[in-house]
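If you check TrEMBL, you get these features:
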type	residues	note
BINDING	Ser8, His64, Gly140, Phe141, Gly142, Gly143, Asp173, Gly174, Gly175, Gly195, Ser196	substrate binding site
BINDING	His31, Asp33, His64, Asp173	divalent metal cation binding site
ACT_SITE	Asp33	active site, proton acceptor
ACT_SITE	Asp173	active site, proton donor
Amino acid sequence: MAVQISPSILSADFARLAAEAEAVDGADWLHVDVMDNHFVPNLTLGVPIVESLSKATGTPLDCHLMIEDPDRWAPQYVEAGAGSVTFHAEAAAAPVRLAREIRAKGARASMALKPATPIEPYEDLLPELDMLLIMTVEPGFGGQSFLDIMLPKIRRTRELISKHGLELWLQVDGGVAESTIERCAEAGADVFVAGSAVYGKDDPAAAVRALRAKATDATASAAWACGH
Ligand SMILES: O=C(CO)[C@@H](O)[C@H](O)COP(=O)(O)O
Ligand SMILES: [Fe+2]
């Protein structure tokens, strides 16, 4: 699969969300960080804003729910127009039922792991998912430094995806920038969230192109991608 870039609007101007979506024209997704001040110590936005944004942009929304009780809330984000909905493994009471509900409602189902959550207990769940998100910072804030110690988990997850012959996408989120994206791609990621490395730049669309070029080159020479 071709590399995909998902700029995070957490680093955008929330008063100008439609324009900020336009500013990354050419991005594959718009990453929307939903935080409830319980699962993470920060508060952002909810269903009504996702619904308005989905009507205002043609770019599909990749909603990352950093909230408690995603079993209750995630389906509402599908109804609000999200193309992909990610819930946290640490927060979901019934991840298989929730993934099936998200898919049945017509969105891609994705599950996220915080840095201290291992992938191995979830191996048997992977066929239920369209994407697995490995957090490369502790969730809650943009602009943090990339955690290199997550690279082995990305590699192990890529190996599980290959072992089971899955079409699962592997997303990384947190501290992804021109200086770190190649390491993520070499380790096996193929969907890249970037907030400050896109919206912190004068030309966000150019930043997306630069990230895509680096990730594409790194993927082409990565062992895991041979014949991918
Ligand atoms: O989910 C989160 C943070 O919890 C992310 O999506 C951030 O928005 C990424 O921001 P940068 O680290 O790229 O600045
Ligand atoms: Fe995120």
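From the backbone N, Cα and C atoms, a Cβ is placed for every residue, glycine too.
Note on the binding-site residues Ser8, Ser196: the fewest other CB atoms within 10 A surround the CB of Ser196. For His31 (divalent metal cation binding site), the same-chain residues 6+ apart in sequence whose C-beta sits under 8 angstroms from its C-beta are Ser6, Pro7, Ser8, Ile9, Leu10, Asp62, His64, Asp173, Val193, Gly195. Fewest Cβ neighbours within 10 Å among the binding-site residues Gly140, Gly142, Gly175: that distinction goes to Gly140. Apart from the site residues His31, Asp33, His64, Asp173, the chain places the Cβ of Ser6, Ser8, Leu10, Val32, Asp62, Cys63, Thr86, Leu133, Val193, Gly195 no farther than 8 Å from the centroid of the site's Cβ atoms, the recorded divalent metal cation location. Neighbours of the substrate site: apart from Ser8, His64, Gly140, Phe141, Gly142, Gly143, Asp173, Gly174, Gly175, Gly195, Ser196, residues of the same chain with C-beta atoms within 8 angstroms of the site's C-beta centroid are Leu10, Ser11, Asp33, Val137, Gln144, Val193. Highlighted here are the binding-site residues (Asp33, Gly140, Asp173) whose C-beta falls below 6 Å from ligand 2: Asp33, Asp173, in sequence order. For the pair formed by Gly142 (substrate binding site) and Asp33 (divalent metal cation binding site), distance between Cα atoms is given as 10 Å, rounded to the nearest Å. Across the fold, the C-alpha of Ser196 (substrate binding site) and the C-alpha of Asp33 (divalent metal cation binding site) stand 13 Å from each other. Distance noted between the C-alpha atoms of Asp33 (divalent metal cation binding site) and Gly175 (substrate binding site) is 14 Å. Take the CB of Asp33 (divalent metal cation binding site) and look out to 10 A: across all protein chains shown you find 25 other CB atoms. For the substrate site, whose binding residues are given in the record as Ser8, His64, Gly140, Phe141, Gly142, Gly143, Asp173, Gly174, Gly175, Gly195, Ser196, the maximum C-alpha distance rounds to 16 Å. Annotation note: His31 (divalent metal cation binding site) sits in a strand segment as assigned by DSSP.
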